[in-house]
Structures are given as structure tokens and as C-alpha cells.
Amino acid sequence: MSEEAAYQEDTAVQNTPADALSPVESDSNSALSTPSNKAERDDMKDFDENHEESNNYVEIPKKPASAYVTVSICCLMVAFGGFVFGWDTGTISGFVAQTDFIRRFGMKHHDGTYYLSKVRTGLIVSIFNIGCAIGGIILAKLGDMYGRKMGLIVVVVIYIIGIIIQIASINKWYQYFIGRIISGLGVGGIAVLSPMLISEVSPKHIRGTLVSCYQLMITLGIFLGYCTNYGTKTYTNSVQWRVPLGLGFAWALFMIGGMTFVPESPRYLVEVGKIEEAKRSIALSNKVSADDPAVMAEVEVVQATVEAEKLAGNASWGEIFSTKTKVFQRLIMGAMIQSLQQLTGDNYFFYYGTTVFTAVGLEDSFETSIVLGIVNFASTFVGIFLVERYGRRRCLLWGAASMTACMVVFASVGVTRLWPNGKKNGSSKGAGNCMIVFTCFYLFCFATTWAPIPFVVNSETFPLRVKSKCMAIAQACNWIWGFLIGFFTPFISGAIDFYYGYVFMGCLVFSYFYVFFFVPETKGLTLEEVNTLWEEGVLPWKSPSWVPPNKRGTDYNADDLMHDDQPFYKKMFGKK
């Protein structure tokens, strides 16, 4: 027996335990799944053996990890769009502290020194988010018009144009400001199209992992951006900021070159009638022959979905408000998840990191950034594993709970020990050390859960017909909150100091309850199956037990997953 055949046989008979967050999700598992689905959705324990013979659906078999090297490399190249965004984020945080940048784009004191006001700093840094929000909504439709690949190439070119304008800026801050907006337009398009393309070419059982690579690339870009700023800080001329910008230009060109080797989305190819190309794309992603019956079966499922959407006519913006197919409910969920990602307070930690680290003797803000960047980047590797091992819901719930605990400790120690009674003397080294530890704990929890998973959830939630529109709006909510937090944090934190942490603590508590009651589990499902799950109205806290229609046994009770008359506290902690 070959290694691959043995692997598939072991997978078919493997007993995977149900790792549940609460008794509700554990006990709601029922005898519903077939052997193949059981391996994919380990929240379910039993299955109907008699159903195996009647199930005619041909499914692409799961293969050893080595079989997915090609598709993984392709998805990493698409995810490199996250690196472009992260590079910009990591470098701009250092630019506003560099002497040449301040001299060129700041204002002059009476004594001849230069400074950047809070308003100008906030605008230069945060206007990028507004550009991203607009770009995501306007440019995301390029993926529907010309394909995901070509759409990505176009938005990267727009990003490059913005970089050129910034590099060419001499001493007019508004020229640099305009360049930031244009670069933001490009990154906004990247943030929608990159996760979208990855989700549509990935095999379903590693889709969450591969989409999470987008966030991994963001953290890598941020970290290397910090390192580059550290390397150029000793210069006294425009090398300080023009070299990092020039490297950003080079990274964008690298991505454009790499995109030529990436397969197009099979769902887009089916939509435009290129069936043979769609079969080759699916075959490449799953390491099988294009003539494999399972490939044709998947193409037929996509075709059926596309044909149903075509019968309904062209998708309009008004259609996203439809409640009949649960599109509006999905949009609200996607927008909330993206908004709550910002409201978890990660940017608050990066803003206060310099202050806290200074209190214990680390006075170099560039060194502080590198420390935080290392923790953020290294932790994301753990998140890539967790998203497929434990699922989307469970990771988000764990993340919200653990970050709440970290935020409570961080804010409380800051208020009562580091700056007692609002006195900013930073006299307690023990308090500072404690806050550093919990800053790192917080970043670990964020990077493994709430950093990557909102991108995963949004990339697989919406039907193909309105996917680009819904993802653009959801992502725009993220950018807008990013702008608001980035712009107003210096003013708010200056007024209430570490009490600001309690605001984010409240947002994290709300996030926990929101995820439990409104975010369904989609691990191990195809994109078409996710669509069916939503249309059937399955309750999110019962969704781990849901089984696709073509895999159900004779005793499957769909109604049981759509109704729950228990009080909310029993839904969360009680047994059925």
C-alpha cells in the first residue's frame, strides 16, 4: 500500500475527540456525520454507518501535507499582499519619530526645532485607513470583472503609484498625505481580494490555515518594517524614510511577478464559462488529475450555484440587504467581526508599548517596536495551527476571554501602580515589568485568534454572487475603526491614561457574547456548504453539529439545530 493510500485509510477510521468550549457545543453533537465528514469536522462524534452506501457524492480525498506544497506556495504568494500592508504599517510608525521626516513635514518651533502636531501625526498615519476603506469598496469589484488575479495585480499597481508620490515628496506634508491615501486605496483592494482568492483556491480542510497566512504576512511585514526603521535611524537625511519606502516598492513588484504563477479562482472561471480551466485549477490545488471524477463533481456543485445566481440576474448593491437568503445577516456578522477586531485594543498596546517599556529602562522606541513585532509575528504561527484544529468559533471565544483577562491586569496595574493617581512618574519597576509581561501575553492571544480569524470568517461566509461587495463593506468597517482609534487614541489616552484599557475590556466582553450567539462554525466545509448552513438558519452555538445535505443519515434532524428554547445562560453553560 502506498504512503498516500495508507494515510487516507487512517484518516477514514480515525476517531477525533470533540473539543468543545462549553457543554452546549459538546452535547449538541449527534449521530449525523459520515466517515469523511467526521474527519473534517471533529466536533461530531458519531455517524450513520448505513448512510455510507447510499451516499453517491464523490469527494476529493484528503492527502498528506506534502501533497499541498504547490497550493500552499501559491497561497503564500497571494498572502504576500498582507506583507505589503504590514510593511507600510511597520514603517510609518517609525517615520513620525525620525528627525528628517519631522523636519520636512512638521512645523517649526520659535527656537528653530521642528515637531509634528498630534493632529498632523494622526492624519498622516491614519488617513491610510480611510484610503483602504474606500479602495476596498470601489476596487474590490475588479475581482468580479477581470478575475481575482488581475484584480490583485491592478490594486498592487495603485499601491505602487502611492509609494512613488510619497518618495517624491520633498517638504510638503499634504503631498505625502495624498500619497498615503492612494497607497491606502491599493491596500484596501488587496485586503479584500487576497483572502478571497486564497479561500477560493484552497482545499477545504486547510482553507482556514492558508487564509490565516494573510495575517502571518501582515505581522512579518510589520516586524521587518520595524527592523528597517531601526537600521536607518542613524542617518540624518531622507535615507531614514525613503529607503523603507523604496523597499515597499520592491516588495510590491515582487508580488506582481509571483502572481503570474498563481491559479485563478475556479469559482470565477466557472462563472465566466471556462470550465476546463476551472477543473485544472481545482486539480492543481488538490494534487489530483483534472479528469478525476471528484474534480468534476466539485465543478458541478459550483456550476449549480453559479447558474442559480445567474437566473436571479446581476447582483445589485441593494441585494446585500436581502434577509431571504440571510445575506444581510451575514453582512452584519462580517462587519461586526471586523469592527471588533480593531476594538480588541491591539493598536492601543502598540501605542502604549513605548511608554510602558520606558518605565523599566527601555528608552529606545525602535527597540520597543521590534520586541512587540517579534511576539506578534511568532505567535501568528500558532494561530495558523489553531484555526483548523479547534475551529473558528472556539478560537475567537478563547481569544476574547484571555485578552479580557490580560487587559484587566494591564489597565489595573497601570492605574494603581505605575501611574497612581494619574501621576506619570513610572516609578514602579515591578509594575512596569508586570505590564510588559501581560502586553506580550495579550499580543500572543490576539495574534493566535482575533488577528487572523476575522479574515478567515469573512472570506468563507458570503455567497459568490455578492461576495466582493460584502467583503469590501466588512473590511471597510475594520479600516474606519482603525482610523478612529489611530487618530483619537493620543487624545483619549492623554486624558484618561490607563483607564482607556477598561474601554477595550468592555469591548472584549461584548465580543465574547457576540461570537457565541452570532458566529457559526464553518471548519471543514466547502464554500457552497457554508452557504447552505446559513440558508438553513442553523443556530450558531449548534452549528458544530451541522451536516451538509449530501452527507446526512436517515435519522438527521435539521429542526433540532434551528431551535433552542433554553435561557441564554443554559445555552452557554448548561446541558441539553
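All positions are counted from 1 along the displayed chain.
Each residue, glycine too, has its Cβ placed from N, Cα and C.
The feature compositional bias 'Basic and acidic residues' is assigned by Swiss-Prot to 38-54. Annotation source Swiss-Prot lists ubiquitin cross-link at Lys45, citing experimental evidence. Per Swiss-Prot, the feature N-linked glycosylation site maps to Asn425; the stated evidence is sequence analysis. Look at Swiss-Prot and you will find 1-56 tagged as region 'Disordered'. The topological domain 'Cytoplasmic' annotation in Swiss-Prot covers 1-66, 144-149, 202-207, 264-346, 388-394, 459-475, 519-576, and the record cites sequence analysis as its basis. The annotation topological domain 'Extracellular' is assigned in Swiss-Prot to 88-122, 171-180, 229-242, 364-369, 416-437 on the grounds of sequence analysis. Here Swiss-Prot flags 67-87, 123-143, 150-170, 181-201, 208-228, 243-263, 347-363, 370-387, 395-415, 438-458, 476-496, 498-518 as transmembrane segment.
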CB contact flag for the transmembrane segment (498-518) and the transmembrane segment (67-87), at least three pairs under 8 A: no
CB contact flag for the transmembrane segment (476-496) and the transmembrane segment (123-143), at least three pairs under 8 A: yes
Contact call for the transmembrane segment (123-143) and the transmembrane segment (67-87): at least 3 Cβ pairs under 8 Å, seq gap 6+: no
Residues of the parent chain within Cβ reach of the topological domain 'Extracellular' (229-242), under 8 Å, 6 or more residues beyond its termini: 90-91, 93-95, 98-101, 104, 167, 366-367, 369-370
Best-contacting stretch, by C-beta pairs under 8 Å, relative to the transmembrane segment (208-228) and drawn from 67-87, 243-263, 370-387, 395-415, 438-458: 67-87
Same-chain residue ranges lying at least 6 outside the topological domain 'Extracellular' (88-122) that approach it to Cβ under 8 Å: 128, 169-173, 176, 180, 183, 187, 218, 221-226, 228-230, 232-233, 235-241, 244-245, 248, 350, 365-366, 369, 373, 486-488, 490-491
Leading stretch by Cβ pairs under 8 Å, where the reference is the transmembrane segment (395-415) and the options are 67-87, 150-170, 243-263, 370-387, 438-458: 438-458
Mean per-residue pLDDT computed across the topological domain 'Cytoplasmic' (144-149): 86
Same-chain residues near the transmembrane segment (67-87), Cβ under 8 Å, at least 6 residues beyond its ends: 4, 152, 156, 159, 187, 190-191, 193-194, 197-198, 201-203, 206, 210, 213-225, 244, 247-248, 251-252, 254-255, 258-259, 261-263, 284-287
Other parts of the chain folded back onto the transmembrane segment (150-170), taken as Cβ under 8 Å at six or more residues beyond its ends: 78, 81, 84, 104-105, 131, 135, 139-140, 142-144, 176, 178-190, 193-194, 197, 242, 245-246, 248-249, 252-253, 255-256, 259
Tertiary contacts of the topological domain 'Extracellular' (171-180) (same chain, 6+ residues out, Cβ under 8 Å): 92, 104-106, 120, 123-124, 127-128, 131, 162-165
